Amino acid sequence: MTLEMSPEQIQESKIYREWGLTDEEYLKIKDEILDGRLPNFTETGMYAVMWSEHCCYKNSKPVLKKFPTTGPQVLMGPGEGAGVVDIGDDLAVVFKAESHNHPSYVEPYEGAATGSGGIIRDIFSMGARPIAILDSLRFGPIDNGKTRHIVDQVTAGIAGYGNCIGIPTVGGEVAFDESYAGNPLVNVMCVGLIEHKHIQKGQAKGVGNSIFYVGAKTGRDGIHGASFASKEFGSGSETQRSAVQVGDPFMEKLLLEACIEVIQNHGDILVGIQDMGAAGLVSSTSEMASKAGSGLRLNLDNVPQRETEMIPYEMMLSESQERMVLCVKKGHEQEIIDLFKKYDLDAVNIGQVTDDGFYTLYHKGEMVAHVPVDSLAEDAPTYYREAKVPERIQKFTDSEKYLPEITDSAVSEIFKKLLAQPTIASKKSIYETYDSRVMTNTVVAPGSDSAVLRVRGTNKALAMTTDCNARYLYLDPEKGGAIAVAEAARNIVASGGKPLAITDCLNFGNPEKPEQFWELTTAADGISRSCLALDTPVISGNVSLYNETNGSAILPTPMIGMVGLIENVKNITTQEFKKAGDLIVLVGQTFDDFSGSELQKMLIGEISGRIDFDLETEKINQDFVLKAITDGLVSSAHDLAEGGLAIALAESAFANGLGVDVKVDITNAQLFSETQGRFILSISPENQATFEKLLTESSVSGEVIGKVTDSGILEMNELSISTDEAVSIYEGALPALMK
């Protein structure tokens, strides 16, 4: 049980600093918001979590304004639980990504599991039925025992929650780097489908309307979780287990079905709905009121509790999982109670909407908080941080590109070593623990460029992916940010989809350090540039700052989640070569792009040098490939990323045990170059003439570089290895390293 302090003790002890408030912020609350009154224990706690970076984006809000957020396809952009994009036929796709980084280091299983649960609630709070989960994971070197434990438990947590709730985990990515050793990244994306008429908002309006608490009971878990996620890790952070929530996927399944039933069958009495996520009850209710310009009066005696003698501070800040807030029209309370009772869930009226603009709490007959509602939400402070270019950036910009030399005799061995690099090696051992086909909508499961799910009742499908190569951002945040969006779009296009929009998780270091803030704001410039060029507005997202341990920051890692629309299921394309005799086409030119590459990291143990990126060529190449696919000319498609051409060819050959015979006018090293904007396609010989005509008309650089064979040998210039041996290395590397 938490012991309350008096307002005077709070001021004297400055305990608010431990909760994340600065002296200046505390004085602003006291002098400007409360007109000289000292905030009490509950009020101070509420401001501490609501003014955390995790809740109010006080350091990143000016950066987020750079993003393009509108477009004819966007029905709802940032500001609600998730973004909503039209896909025709009166249907929309709803998606968002969230981070659960700090909790997943302290308690990897529960941290990852509750990260999944939270983002799922964001989706069904919009009225959508969740149809897919994706994850983007970053870990330290896998030869470290602590890292292996975190990998094992994080993936088990994601699998455990998704598998139990019955939502397929269909895709994602995993990468390893020293910078994540003390600060892993666990970003989870959820995608849902909805009819336009069921789209909801998180709002509390209409004087006298009732505020309902529904779902699981409140405990003491996760108190100050939002504050915990808004500061650097230090020597004692691993012991902060009370800041980590505990999830129950079976409870969430009941809550999901109950909320969907309310929305679809009782939508006329529902005013608003929102997940109780970060900062729990105070965040959800104050945000709902602030968005509607309302006030709220809540009676905490009615809050369902699973622990005894909880005080208002604990009830308001608890981040217990599987809870939602509903605003219900006055006079219809019993309908809500009866519906949730059917699911054996609490549904309790805890207050009413007012028109006084205040957030007022009562407990045991006494007023325990009375503050302007906007001061908790819309009027939280915003900081314009100093940005300073790190010294390393000028060095990289001025330097020559990294150019390795690889002899004919060495190229095959280097290829084998690349196949076994943890970031490149198959993640099959991870994604096989996920149920990727529950709900029976999954057409393309993990292992291809994008996951693809059919849209029942239509001839359409959705392609979805997550992407980010943080090494590029370390060398050049602007180009790296642009590349992250472009690679996500390449994955969608290679699957036969038209990119629609993105969500993001902006994982960066401490924004109070000018060099770290520069990385954030510069990466946002690059993301915006690609989003505008590729017509993929930012419709939702999350910011996770202070990803530093003992002063050492992670690589800047803005994870991009993207969804695309495949208008006709016949255009669904996968990366694997289909049959011997098909021609292999390389779309895009290959240059000496090794800075930040897997090859550079493997050969010299570090990354350095200048990187290049031609966004105009990227767009032209993507448009061409999508046109070729929709014209029915392409048998398989795979984008080129880490490891370059050689890795892409191998991955395309693996699934069906085929070989390749490739002769291309590039150096041995360029087989592993990571020049952007490239694709590997396979086409049937009878489509060659039509394909090459389209290639010429599109002014795209592309050429037939070889053919698919049934020899079981991968032959690429001087590189030669059996497909079986390559598959064994590729699929065996990660399980061997995890032992």
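Keep in mind that glycine also has a Cβ here, set from the backbone N, Cα and C atoms.
The active site annotation in Swiss-Prot covers H54 and is backed by sequence analysis. Summarising the environment of H54 (active site), the number of other Cβ atoms within 10 Å of its Cβ, over all protein chains shown, is 27.
Look at Swiss-Prot and you will find H100 tagged as active site, proton acceptor, backed by sequence analysis. If you take the C-beta of H100 (active site, proton acceptor) and look for same-chain residues 6 or more apart in sequence within under 8 angstroms, you find G111, A112, T114, G115, G118, V186, N187, V188.
The feature ATP binding site is assigned by Swiss-Prot to Y57, K96, D504, G541. In this structure, Y57 (ATP binding site) belongs to neither helix nor strand by DSSP; it is coil. There are 19 other Cβ atoms within 10 Å of the Cβ belonging to Y57 (ATP binding site).
Sequence annotations record features per position, and here Swiss-Prot assigns Mg(2+) 1 binding site to E98, N542 based on sequence analysis. DSSP assigns N542 (Mg(2+) 1 binding site) to a strand in the three-state reduction.
Feature annotation from Swiss-Prot assigns substrate binding site to S99, H100, N101, H102, R121, Q245, E319, S320, Q321, S544. If you draw a 10 Å sphere around the CB of Q321 (substrate binding site), it holds 29 other CB atoms from the protein chains shown.
The Mg(2+) 2 binding site annotation in Swiss-Prot covers D122, D275. A C-beta separation below 8 Å, combined with a sequence spacing of at least six in one chain, links D275 (Mg(2+) 2 binding site) to G81, G118, R121, D122, S125, S284, R323, M324, V325.
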Practice item. Return the residues near G541 (ATP binding site), defined as same-chain residues 6+ apart in sequence whose C-beta is under 8 angstroms from its C-beta, sorted by sequence, else 'none'. Key: L64, P78, K96, A97, T503, D504, C505, L506
Practice item. Measure from the Cα of E98 (Mg(2+) 1 binding site) to the Cα of every one of the recorded positions H54, Y57, E319, Q321, then give the nearest. Key: H54
Exercise for review: List, in sequence order, the residues of the same chain other than Y57, K96, D504, G541 whose Cβ lies within 8 Å of the centroid of the Cβ atoms of the recorded ATP site.
Suggested key: L64, P78, A97, T503, C505, L506, V538, S540, N542, V543
Check your understanding: When the Cα-Cα distance from Y57 (ATP binding site) is computed for each of the binding-site residues S99, E319, Q321, N542, which gives the smallest value?
Key -> N542
Exercise for review: Name the secondary structure element type, per DSSP in three states, that contains D122 (Mg(2+) 2 binding site).
Suggested key: helix
Exercise for review: Consider each pair of residues in Y57, K96, D504, G541, all listed by the record as binding ATP, and report the largest Cα separation in Å as a whole number.
Suggested key: 16
Review point. Which of S99, N101, N542 (the binding-site residues) has the most other Cβ atoms within 10 Å?
Key: S99
Check your understanding: Near N542 (Mg(2+) 1 binding site), which binding-site residues out of N101, E319, Q321 have their CA within 10 Å?
Key -> none
Check your understanding: Three-state secondary structure of D504 (ATP binding site) from DSSP?
Key -> strand
